[in-house]
Amino acid sequence: MKTHYFLLVMLFFLFSQMELGAGILTSLGRRTDQYRCLQNGGFCLRSSCPSHTKLQGTCKPDKPNCCRS
């Protein structure tokens, strides 16, 4: 019975969020901003977008710009 409680506690700590984004299951099923940018025909640049393109958002976590023509 102690083994069951131990496993239950370990699972609780494994899947709980100690702080924002620290949980293991938080990113499952989500697409990254960079992936969404590229899928929508954009590209990521660390500098500002060229004049013939439009800013669509960011490509986190580094936060470069997502530009699209």
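We count from 1, first residue shown onward.
Glycine too: its Cβ is placed from the backbone N, Cα and C atoms.
Feature annotations, reproduced from Swiss-Prot:
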- C37-C66: disulfide bond (DISULFID)
- C44-C59: disulfide bond (DISULFID)
- C49-C67: disulfide bond (DISULFID)
- 1-21: signal peptide (SIGNAL)
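Classification of C59 (disulfide bond) by DSSP places it in coil, neither helical nor stranded. Annotated pair C59 (disulfide bond) and C67 (disulfide bond), C-alpha to C-alpha distance, rounded: 10 Å. Cβ-based neighbour count (10 Å, all protein chains) for C44 (disulfide bond) stands at 18. C37 (disulfide bond) falls within a helix when secondary structure is assigned with DSSP. Within the same chain, residues at least six positions away from C66 (disulfide bond) with a Cβ under 8 Å of its Cβ are D33, Q34, C37, G42, F43, C44, L55, Q56, G57, T58, C59.
The disulfide-bonded residues under consideration are C37, C49, C67. Their Cβ neighbour counts within 10 Å are lowest for C49.
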